Amino acid sequence: MAWGLHSAASLAHFCQKLNRLKPLEDSSMETSLQRCLSTLDLTLLGVGGMVGSGLYVLTGTVAKNMAGPAVLLSFGVAAVASLLAALCYAEFGARVPRTGSAYLFTYVSMGEVWAFLIGWNVLLEYLIGGAAVARAWSGYLDAIFSHGIRNFTESQVGVWQVPFLARYPDFLAAGIILLASAFVSCGVRVSSWLNHTFSAISLMVIIFIIILGFILAHPHNWSAEEGGFAPFGFSGIMAGTATCFYAFVGFDVIAASSEEAQNPRRAVPMAIAISLGLAAGAYILVSTVLTLMVPWHSLDPDSALADAFYRRGYSWAGFIVAAGSICAMNTVLLSNLFSLPRIVYAMAADGLFFQVFARVHPRTQVPVVGILVFGVLMALLALLLDLEALVQFLSIGTLLAYTFVATSIIILRFQKVSPHSSPGPASPGPAAKKYDSFSDHIQLVGAVQTSISEPGQLRPALRPYLGFLDGCNPGAAVTWALSILVISAITLGCVLVFGDSALHLPRWGYILLLLISSVVFLLCLLVLGAHQQQQQQDTFQIPLVPLTPALSILLNICLMLKLSYLTWLRFSIWLLIGLAVYFGYGIWHSKANQQEPPELTTTRYVVFSSSSLEETVQAVQPTSQPPAEEPGCME
């Protein structure tokens, strides 16, 4: 019996380790990095991360193959959908002004193992994304010189016919990554200056394209004779939206840079909003002039803008477009190389990744080891691998991070605001500790109940009507509602994406499943909305919570379900590798091991073996000083 109780306690302690949270108090303004980025710097970083090669390639591809001239609506809807995720990042970036982005946001709200997996996926996302951009950069430059670079390399090295390897080693792509890594390692000011320069050139080229494009516009190209404004109908617009959504990936570089912002509480939300607005305006206006200059069905998907100017007799404009494209890809590459080492630095500083990556250069105040090591890894990927098969990793990693951040917003909103110090004898707060993560609802008997409704508790005005929810432990109804919300979102996403034919359901079964999942999703929203939320007056907060993050969760799940089975298989293998790294290194070296008082390790689980909860709590409760309250629990 004693052995069984000991095993149960050990298992409970192990599970608690996996879900332990990083205290919000650890996210103060003190940092070993240099706080020197202004709102303008962050805005241009965000614009550089979003307005890249997609502006010069994606517009033509979506217009010709998916939406026609209605591609501008696809970009508009995609911008609104991206805004849902961007608002979540803006609130977290303002409230938790530390580097780490989605990794850190998950750590302070959902637990350690989930945070590590998100950071592990974001790491791969930046590696492949940077290598893919470098490949596109070298390919574009090679096309300007009539593929002379490729022909020379193939003649000297030969053509490779090995699975997962490129046709030939791309030395130009690897070289530009190493050069960019060298500049980024020189410090934030050098990186910011380079990004300013390339972003300014890119924006001037975009303005040039828009002005000259409207001068050359022919409204006849939107007429019914050319197929009309929306030749592929509503389904084509939505298919284009799913593709255009990835054009706005990149604003998370702002949240990842919040630890180096001068005033992150104000600058991060403003920079995310402005950069997303500028990127959306650029994509919508450029796609408008593109389909007005030439008929949409005659576009060249590989170089739509340059080809459009060439066909209108302005071949010289193609060189300006090429210069803008290269500068835009440079900003995306800098954005990846800027964010990736900071994610690794945040994980290493928490002890979940190798400590060498937590070292900051004393002069440049940047994580130089992470920049150089992962810059070399990115260069090797660009040099050797065939990245086309791996690019879909970008989609699934990004969407999963968006989903976890949106879920974390809901969790954080219903957490009790933790005091900055332990309550004294005259404090109206509870005199006992609430144990641990948001899923742990064990309450110490004798806690003082306040008359004011706290976050996670039912709103006072609704207690006469929803009294059965008020009878639950504080936070229990919110936890169950959020869990069921995510499950219903997955079910609803499967119904919407796969339809009745793929699910092999009769028509009535499909409609019934659609109705049930929709009703459950809405009921969970109502239950969450009936509970009190945190109100922070000094930081930015998303409006319409829980509706805004819930819609973001549903959208991200739908987009993830549209990815191929092979992508999910590769993603699962990468997750297994990440779990091996976490259980082999991270869980044993986590800084949370040092913060956990050893005497609580055994007494924390006595409650499970006692027949009297009140007697047990009184037996284990300290008499001198109550333990500090951990802010991760959802009250």
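Quick reminder: no glycine exception, Cβ is built from N, Cα and C everywhere.
Remember, TrEMBL labels are computer predictions, not curated facts.
The model shown is predicted, which means the values in this text are computed figures rather than measured ones.
Annotated in TrEMBL:
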- 39-58: transmembrane segment (TRANSMEM)
- 70-90: transmembrane segment (TRANSMEM)
- 102-123: transmembrane segment (TRANSMEM)
- 171-190: transmembrane segment (TRANSMEM)
- 197-217: transmembrane segment (TRANSMEM)
- 229-255: transmembrane segment (TRANSMEM)
- 267-294: transmembrane segment (TRANSMEM)
- 314-338: transmembrane segment (TRANSMEM)
- 477-498: transmembrane segment (TRANSMEM)
- 510-530: transmembrane segment (TRANSMEM)
- 540-590: domain 'Cationic amino acid transporter C-terminal' (DOMAIN)
- 542-565: transmembrane segment (TRANSMEM)
- 571-588: transmembrane segment (TRANSMEM)
Is the transmembrane segment (70-90) in contact with the transmembrane segment (314-338), using three or more Cβ pairs under 8 angstroms as the rule and ignoring pairs under 6 apart in sequence? no
As a test: from 39-58, 102-123, 197-217, 477-498, pick the stretch that has the greatest number of Cβ pairs under 8 Å with the transmembrane segment (229-255). 39-58
Calculate the per-residue pLDDT averaged over the domain 'Cationic amino acid transporter C-terminal' (540-590) and state the result as an integer. 90
The DSSP breakdown of the domain 'Cationic amino acid transporter C-terminal' (540-590) into helix, strand and coil residues is 40 helix, 0 strand, 11 coil
With pairs fewer than 6 apart in sequence excluded, do the transmembrane segment (39-58) and the transmembrane segment (197-217) have three or more C-beta pairs that lie under 8 Å? yes
Mind checking which residues reach the transmembrane segment (171-190)? Cβ under 8 Å, same chain, six or more beyond either end. 33-34, 36-37, 130-131, 134-135, 137-138, 141-142, 149, 153, 260, 330, 333-334, 337-338, 341, 361, 363-366, 368, 371-372, 375-376, 378-380, 382-383
Same chain only, please: residues at least 6 beyond the ends of the transmembrane segment (267-294) with a C-beta under 8 Å from a C-beta of the stretch. Say none if there are none. 37-39, 42-47, 49-51, 54-55, 59-60, 62-63, 68-69, 71-72, 75-76, 79, 82-83, 86-87, 89-91, 93-94, 97, 203, 206, 209-210, 213-214, 216-219, 221-222, 244, 247-248, 251, 254-255, 258, 261, 304-305, 308-309, 311-312, 540
